[in-house]
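S.K.: The following block contains the structure, expressed as C-alpha cells.
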C-alpha cells in the first residue's frame, strides 16, 4: 500500500520480485537509506515516519535533470510552474489551539523563504480569490481516497501549479515553536514548494525532502532547494537571503508568547496553548513545562511567573518531551531522546542516559510514576512501557498495548497523580481522568476550563 500510495508501484503491475526490488531501490535512494534493494527493517521503519503526502513519482528524474543543468548548462523542458511573478495566498482555516495572528506570521515567513531566493512576490489575500489556498481538513476531504487524511502520519499534501492548494491534516499536533508536535512553519514552507512546482529532493537536510524535518539550527533552505526554485523562476537579483533555523525559531517563539500575553493578560501562558510536559512533586505542586520555561501551580491554585528551566535544572534541554517526579526516590526525571535524572537541582552522575540503553523508544509522549505498579510508566503511540527505577531497565513483558488503559487516547503529553489516587492525563487542551480501581477513564473535558487547580 505504501509503495502504491507514493508512486513506486501501480495497480496494473503484477507485483513480483523485480518490480519490488526496483521500487525499494528508488525509495531507498530518495530517503537516503543504504540501497539494499530489499524492504529491510531500516526501510520499513523509515516508512512509518511522518512525511508529506505528495507522491514521490518522478522526483528522481527531475533531480537528475536539475543536476545535469549544473554540469552541462543546458536547460531542460520546464516542469509545472506559474507564469506570473506576483502570487496571492489565502489561509482558509487554521488549528483551533493556534491564534490566527501566529498562523499568519508562520505562513508569511514560509512564503518569504522562497521569495528571498527567487524573483517571486507573495501577498496575502484574506478574502476573495487567491492563487494559493491553505486549508486544514480531517479524513476524506474530496481529494480522492489516496489523499484522505487518516490521523497522525501523513502531515499534509499540495498540488503543483496551477491548482494552487495545500491541505494540512487537522488531526496532527501543530506547533509554531518547535515543541512537541509538528512545526507548522516548516511543513507550510515544504508544501509551498510543491505549489510552486518543486518535487521531492533526495538531498540530506533539504526542505523538500519527503520526510518531516524539524526546525533546527541549520539553514532552512539547502542548496538543492534554492537551485530547484531558481531553475523554475528567476533568481533574486542580489545575493539570496538564507536565514538559519535558530533565528526563525527564536522569532516565532517570541511572537507567540507576546501575542498570547496581549490576548489574555489574565491567564498564564501555559493555559493558552499546548504544553510540552506536566508533573507534580511530593508537595502536590504542579509543574508545567513549555519550551525553555516552566510554571508552578500551588495546591491552592497560585501560579508562578514563567521560570527558566536551566536556572533550576542546569544542563536540561529546552522543549522536553516528558517529565516526572518519583516519590519512590524523590528524584526528577526528564526525557528528550535521553533521560536526565536530578536530585533536587543537581544532575546525577552518569546522566543523561540514552533511551535505548533503558529499553525505551527514542521519542516519548509522556511519563509518570504509577503507584499501583511501583514503577515509572511511559507512553509512546499505541504502546506503554514500564521502567524499573532501581535497575533502570524496562520491566519484563512490556511494552504492552495502550488499550489496557481503557478510554485513553494516544499522544497524551503529561500526567498527574492526585492524592485520591486518580490519574489525570492531558493532550492538547483536553484532559482524561483515569480511575486505577475501575481501570478506565471516568471523566474528560477542557483542563484549563474545568480543573480549578490548573
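Glycine is treated like the rest: Cβ placed from N, Cα and C.
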S.K.: Can you pick which of 52, 366 TrEMBL lists for the same Zn(2+) 2 site as 190, 194, 200, 208?
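M.R.: The candidate from 52, 366 that TrEMBL ties to Zn(2+) 2 along with 190, 194, 200, 208 is 52.
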S.K.: Have a look around residue 191 (active site) and count the other CB atoms within 10 A of its CB, chains all included.
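M.R.: I count 25 other Cβ atoms within 10 Å of it.
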S.K.: Which residues, in sequence order, are found in the same chain with Cβ within 8 Å of the centroid defined by the Cβ atoms of 278, 323, 367 at the Ca(2+) 5 site, excluding those residues themselves?
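M.R.: Neighbours found: 277, 279, 289, 320, 322, 324, 334, 335, 366, 368, 413, 414, 415.
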S.K.: How many of the residues that make up the repeat 'Hemopexin' (361-409) does DSSP mark as helix, as strand and as coil?
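M.R.: DSSP composition of the repeat 'Hemopexin' (361-409): 3 helix, 22 strand, 24 coil.
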S.K.: What does the DSSP secondary structure composition of the repeat 'Hemopexin' (272-316) look like, as residue counts for helix, strand and coil?
M.R.: 5 helix, 17 strand, 23 coil
S.K.: Would you identify which of the binding-site residues 141, 157 has the most other C-beta atoms lying within 10 angstroms of its C-beta?
M.R.: 157
S.K.: Provide, as an integer number of angstrom, the distance between the C-alpha atoms of residue 190 (Zn(2+) 2 binding site) and residue 157 (Zn(2+) 1 binding site).
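M.R.: Roughly 9 Å, rounded to the nearest whole number.
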S.K.: Name the residues of the same chain, 6+ apart in sequence, whose Cβ is under 8 Å from the Cβ of residue 208 (Zn(2+) 2 binding site)?
M.R.: 190, 193, 198, 199, 200, 201, 224, 225, 228
